[in-house]
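Asks: For 26-80, the entry in TrEMBL reads region 'Disordered'. Here TrEMBL flags 26-37 as compositional bias 'Low complexity'. Among the features that TrEMBL reports, domain 'Major facilitator superfamily (MFS) profile' is placed at 110-544. Positions annotated as transmembrane segment by TrEMBL: 114-135, 141-164, 176-193, 205-225, 237-259, 265-287, 337-364, 384-404, 452-477, 484-506, 518-537.
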């Protein structure tokens, strides 16, 4: 657990104020730098993180005096590059400071932190819905006005990653400060929301809370990808996705129970305040920094301080110095939003995911209409009705991990870099059929003459629909577009959040005009139109301009007889998928 404390925000601050003496870095045996040092497939190939050592100054000064390394030399590969810059890099694929080489206990603590942070944040989106009627009474508002508190929160956590996620990739910042500061602001905003004296304040603070806390879902996956190798990453991401699904499902039940117990709409907000406070404490003391660039940056900084030699630099520092952060973020925001319109695969998969995400938040309007209006459920009982989706999620998770263990992971180990993106899609092909089944069962069994358990069973089919589709589709996008993965996922998160936030506002009009039967059936017909998408991607991908460009780059490498470039092209999906499917997976 030394790594947990030393690499945590608390440990880094303590070392800063005590000049590295609070949680010193242990010595490592020397390693001779090799110009052909192989980097692990699952680590970022450029400016990867390195582990800092307490004896850096002794080792460097020793080398300077003797001209050769001894058993106290710095466990850092330092390569001279043009311009009198000494490039600090990993010692090799087994460098113990690489997050992928951390002990299992450290990885589990990190995973638990990210899952709890994600659970608390997603719970905040759904738990508010149980108090909407109380919000209407308290502030003399309409149903649409009250629902805006949900919609603005969801839209905000789609906008947030466009601006905040790039900060976590800056070598001098890393991921932990973005998590800690974001969740601390999120915590403070819960207090302001609960104490608000008017609805306008509630809506504004809900928006900024969704914005501030968004790194927990947009960057959490990236952190998981940095600590697990390819064989174990999918299991970690699928478990993380369960927390992301369980929170919105449990939110209405917890919120209804609190509103009923304390007779105020703000009671659920106080619960979120408490959970976010606990999360902030855990993040400060027990979440180690996972950014490869940041770990290596801090090692280079230590070497500069200890030796007085300013020429120690990481590749990440060099790259960051060549561009303006503000200008890069502005350009990236526009590119991420527009990327969805320039490729047919990205466009149609975004439409598919947008529908699923919109349905997830439509349930918060459909359930009260059916189980409250037709079956006479209390608000707490309406919350219990969501457990059909929760049970479906558990079953989906078990089925997905079985598929990973006995089908996908063995194939990946057998085929290696030649595995095709379409091999990710079988679960999505099953999930595509589950969504219309869910919607039509819910549409035509939601009536007083049919037992209430039947529509709940119908909603259980929604879980494999959204869970399997998200897991497969977002991993597929990461594999198919390795060079553009960050933009693909950021754009996907933005568009699905916009739809997820907008559809609940349209739900009252849909229900008044169509009734639950045809409102749900209309969505069912739309979902039927989406069923072929996972089945035709193999054919469509080969017509994609991005795919043609990618294959041309590989052919160019072959013609040049450049095996390194060819291998980089084929393996580029490893580091990009680590950030890709992650942000992904689920931000939902």
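For all residues, glycine too, the Cβ spot is worked out from N, Cα and C.
Please go over these features one by one and say how buried each is and what sits next to it.
Replies: When Cβ-Cβ distances below 8 Å are used as the criterion, the transmembrane segment (176-193) is approached by residues 8-9, 12, 117, 121, 124, 164, 167-168, 201-202, 205-206, 208-209, 212-216, 219, 266, 269-270, 272-273, 276-277, 279-280, 283-284, 287-291 of the same chain, each at least six residues removed from its ends.
Beyond the transmembrane segment (518-537), the same-chain residues lying 6 or more positions past its ends with a Cβ under 8 Å from any Cβ of the stretch are 345, 348-349, 351-352, 355, 359, 362, 366, 421-422, 425, 428-429, 432-433, 435-436, 439-440, 442-444, 446, 469, 472-473, 476, 507, 510-511.
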Asks: Restricting to CB pairs under 8 Å, which listed stretch, 114-135, 141-164, 237-259, 337-364, 452-477, is in contact most with the transmembrane segment (265-287)?
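Replies: Counting Cβ pairs under 8 Å, the winner is 114-135.
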Asks: Please compute the mean pLDDT of the model over the domain 'Major facilitator superfamily (MFS) profile' (110-544).
Replies: 90
Asks: Pairs 6 or more apart in sequence, C-beta under 8 angstroms, 3 or more of them: is that satisfied by the transmembrane segment (237-259) and the transmembrane segment (141-164)?
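Replies: With fewer than 3 qualifying Cβ pairs, these stretches do not touch.
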